[in-house]
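Listed in Swiss-Prot:
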- 18: active site (ACT_SITE)
- 36: active site (ACT_SITE)
- 3-91: domain 'Acylphosphatase-like' (DOMAIN)
């Protein structure tokens, strides 16, 4: 199992980005969370699962849902914790 941490930047709040993220992560069998950051222009995403699924997920994060305008995605790979049983939207 692998863990992807991403900060997605751009017009990603108020455009259903977190819901899109949860839908795609669930479809790919990933666990973790998506959370709006306080600056209003970034979403933090942590996802754990199969590396191939995570790479596909990362490509989806780069495009986002139709109303989003993704400018940049900062990524890092971490040690998976297996602390997540599903994919959630954090508030």
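Cβ coordinates come from backbone N, Cα and C, glycine included.
Given the structure is predicted, the values throughout are model-derived calculations rather than measurements.
Annotation note: residue 36 (active site) sits in a strand segment as assigned by DSSP. Of the recorded residues, residue 36 (active site) and residue 18 (active site) place their C-alpha atoms 8 Å from one another. Averaged across the domain 'Acylphosphatase-like' (3-91), pLDDT for the predicted model comes to 97. Long-range Cβ contacts of residue 18 (active site) within its own chain (separation 6+, distance under 8 Å): 34, 35, 36, 43, 89. Helix, strand and coil counts from DSSP across the domain 'Acylphosphatase-like' (3-91) read 24 helix, 37 strand, 28 coil.
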